[in-house]
Structure formats: structure tokens, C-alpha cells
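**Student:** Pasting the feature list from TrEMBL:
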- A:6-33: transmembrane segment (TRANSMEM)
- A:40-59: transmembrane segment (TRANSMEM)
- A:65-84: transmembrane segment (TRANSMEM)
- A:96-117: transmembrane segment (TRANSMEM)
- A:144-162: transmembrane segment (TRANSMEM)
- A:190-212: transmembrane segment (TRANSMEM)
- A:266-285: transmembrane segment (TRANSMEM)
Amino acid sequence: MDMLELLNFYIIPGLVLGSIYALGAVGITLAFAILRYAHLAHGDLATLGAFIALAIVQASGMPPLAALPFAMIATAVVAVGIDKGFYEHLREKPKIITVMASLGIALMVRAVVQVVWGVDAESYVRGIVRPETYWGLRIKDREIWTVVFMIVLVAALQIFLARSKWGKAMRAMSDNPSLALLSGIDNRKVVVLTWIIAGGLCAAAGVFLGINTELKSMMGWQMLLPMFAAAILGGVGRVEGAVLGGLIVGVAEELSVLVLPSEYKAAMAFAILLFMLLVRPTGLLRGKVL
Amino acid sequence: MTSLLRLQGVTGGYGDADILQDVTLHVDDKEIVVIVGPNGAGKSTAMKAVFGMLNVRAGSIVFDGDTITKWATDRIVQRGISYVPQVDNIFREMSIHENLEMGAFLKKGDLSAAYDRVYSLFPDLKERRKTAAGTLSGGQRQMVAMGRALMLNPKLLLLDEPTAGLSPRYMEQIFQICRDVRDTDVAILLVEQHAKQALAFADRGYVLAAGQNRHEGSGADLLADREVAEMFLGG
């Protein structure tokens, strides 16, 4: 197998899949660092975002990328609503209860998707997309958009966290929650902000998965494990780590097909997660151990 | 003259158990007051009571004319009391400058005067303002913690064992910083393990044991008191 073949059939699809994982993993890592629990409904929120975008595309005829901002806003609103309706009441309880509640939310969100849109596979645009060739590399437009959007969204988030007052408040809450409260930072606002960002990124992950493959009611749930593997691989609380972790998990899953039967592709994320927790639980970029 | 802070007969604890029994103490303007006593005497608890982190069942806490006994923490911060916990008192992954900024989170408008004030008290910090606070030495971390607490320009600073785990050289430095802070018209109430050194440097002191007031007086008087010396200061 030559170099071009490796790039075309494994590395490029791996980076695209990895970018999708990264978008979800960034939200997971923020929720983990600030709210301090593993949010198991993250994948199904991504499914919801993808289907909201489908509804917009079908109703208005606009391309899926144009529907993306609306889907992100709608999913962010849903995420904040779920927090207000369910997680907020569990804040003082042991975190494992919220983790279990988020599993229940995952099932509820999926059920809503199945009731509204059915269980059949859907797609945003019908027909086959032919890749363009750049110096022998075969890349589809939608693959470029996926990677570019991921980079733009993460860069915007990083600037927000580094420069803005409330971005810094989010970092402070992640760094030392009791001192943040002593400093007068309003925890409730930080939590709402976290859900707006995590919900929006969730929808982006779902929409790009839908653009690059197809929409199914289980699409997000199946992404949950790789997204968690990515967040932990990069280091919990590290946005840039979640991106790095997402890309590594995506490429590793595609490369695993070279040596393993393709049914075991999903096991790759699990193997990476286990290996990382055993060898370096703080992740590549030294995140938190919760 | 009314005191800046007065605890009158404060009884309370974290759950049902009362850790403090009828504690009475006061801090005047521009005064450094130290609470000493054996481990488990309720020293830190007394401080947390002031800061609204304790269930106060009886007694009152009056600060600068307001009864703050039942106030929420953020309201107390706004009113002019800052608290520096003993441990985990900095944002490790944030820069020194960002730590100070978080200290002034409740303040609207221009912060440059507040930064200038803190950086003139701690010139070491100004040079390293972009450094992550978690990478600093113990003494410098304490400076960051105090700097964060001073950003809102409080009238009273509460310090919970600021010299714990520091070498004698740093201890002297922290005490000197406390004097410098006091000279900017901030009263200080601190809890100390190093009773002898703390009493020698403070204006007044209280000896707390088993959650109750046992002795009070000027630092020098308490140091000279034989009973205090035998009970708490190791002879």
C-alpha cells in the first residue's frame, strides 16, 4: 500500500471522523471539568441537533451548513432546559446520581427523536458526492468544511475562555470551585454558560456526522464512547486536549481496519480509553483526575 | 468607639453539633488580631462563622454597623470582608494576573487602581504576572491568595493560617506583608498555629480552646501569661 492510499482511505477519513469526535469531546470535557460528572446524554443530544438541522433543511431547503447555527442554538436551549428541569435538582446529591440521570435523559432524548423522525436512516442531501483531487489526495468538500468548522468553533471557544470575563469565570470554576464561590462568581450563570457551549458543540458534532454519513436515531449514542475516550485521552478539562484526543481516536479507528475486522472498529476507542486510564489517567495534556 | 467587627456570644457548628460555644471577640479598625489555640479548638471555625459558612444558632456578628449573621457569602464579600482559606486558596492553572482579576469579579469598571495597589504591595508578583499561580513557591502562592482577597478593597481581611507549611523566613515575610496591608487601612483577623510568633507580631490576641474564649489581651500580655504559656504555647 502506498502513501497516497494510506492518506486517502485511512488518514483523511480518520481526521474527519476525529473532528466530529472532537466537537463532542470538547463539550464533554467542559461539563466534566465544571459540573464534575460524566454526561452520558451527550451523544443523544448530538443526534437531536442533527435531526433539528434536518427539519430545518427539509422545511426551508437551505443547505445543512446554513442550518447548523440554528440547530446549535436550538440544542443549546434544550441542553439548558434539561439542566434546569433535571440536573439542577441533583446538584447537592452525589455526582453518580446525576450520571445515572443523564443516562435516563439520553434514553428520553433518543425516544423523542424516534417518535418525531422515525428509526429509518435519513440524509440531508440525496445523491453521491464525488471527491475532488488535490495533488493525488481525494477530498470531498464536506470533509474540508467539517475540519474547518471544528477548528473555527474550537478557536472561538479558546479565545472566549482566555479573554472574556465569563470565560475566565468558567476556568476558575473548573480550577477551584470553592474559591470561585468565595470570589463571588455566580455558579448558576457559569453552569448555564457551560450548557450553552456544550449543547451548541453537540449539535455541530451531530450535524457534521449527518453530513458525512447519514442520520440515524442511534448515531449519537454510538459516538459516546469515542467522545469520552477522546476527552480522557486529551486530559479532562483541556479543550485543546479534547481536540487532539478526538483526532487520535478518529484516525486510530480508521487505521484499526488494517489489522482488525471492521466490526471491531468501535472497540478501538474502548482500548484507547482503558490504556490511557491505566497508564496516564491525567491524559496527554495533564487534565484533572476526577 | 464601635468595633469594625464584633462577634457576641456566637454559638454554632456545621450540622447539629456546636463547635463554637459562646464566642465573643472583636476587631477594631486597622488592627491585627490573632486567634490562637490548640488543634481542634475551633479557630478556623470562628473565622468561617464570620464569613457566613457556618450555621450560627445563637449570638450575633456585626460588621461595620450591619448585622451580617445570616448573610450569604457573596453579600459579605461585597460588604467588605475578604477571606483567604488555608489550603486551595489560589487558581492554580490561571496566571497571577487572572487570579487577581477573579478576586475582583464583583467589581464593575476599571480595575487598574486595584491592580496597582496589590502589585505595589507584592512587587514580586508584578514581574511574574503571566505565570501560572500553581508553579509558584509556597510563600508566593500565599501572596497571590492575599492579593486576590485584597482586590475588592476590603475593610477586613480574614486569614486562615497563612504561614502553615512555610519556612521561618517566609513566615516573617508574611507577617511583614500583614503589617504592610494593615498600613493601607485594612484590619486583619488571622488564625495561627505558630502561637508565639503570631502573638509577638499581632496587636491583640484571643486564645480559644474547646470552642470557647479562654483568654484575651494584647499579644505581649498573653505571651507573658503563665497559664497561657503552659496550656498552649508549650512552656
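In case you wondered, yes, glycine gets a Cβ from its N, Cα and C as well.
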**Student:** So which residues does the transmembrane segment (A:144-162) touch in its own chain, when a touch means Cβ under 8 Å and the partner is 6 or more beyond its ends?
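**Tutor:** Residues packing against the transmembrane segment (A:144-162) from afar: 15-16, 19-20, 22-23, 26, 65, 68, 168, 170-171, 197, 201, 204, 208, 211-212, 239-240, 243.
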**Student:** Could you check whether the transmembrane segment (A:40-59) packs against the transmembrane segment (A:96-117) - three or more CB pairs closer than 8 Å, residues at least 6 apart in sequence?
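**Tutor:** Contact confirmed: at least 3 Cβ pairs fall under 8 Å.
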**Student:** Sequence-remote contacts (6 or more beyond its ends) of the transmembrane segment (A:6-33), Cβ cut-off under 8 Å?
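**Tutor:** Contacts of the transmembrane segment (A:6-33) (Cβ under 8 Å, skipping residues fewer than 6 from its ends): 39, 42-43, 46, 137-139, 143, 146-147, 150, 153-154, 157, 170, 174, 194-195, 197-199, 201-202, 204-205, 208-209, 212, 223, 226-228, 230-231, 234-239, 241-243, 245-255, 257-258, 287-288, 290.
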**Student:** Which residues of the same chain, at least 6 past either end of the transmembrane segment (A:65-84), have a Cβ under 8 Å from a Cβ in it?
**Tutor:** 41, 45, 48-50, 52-53, 56-57, 105, 145, 149, 191-192, 195-204, 206-207, 211
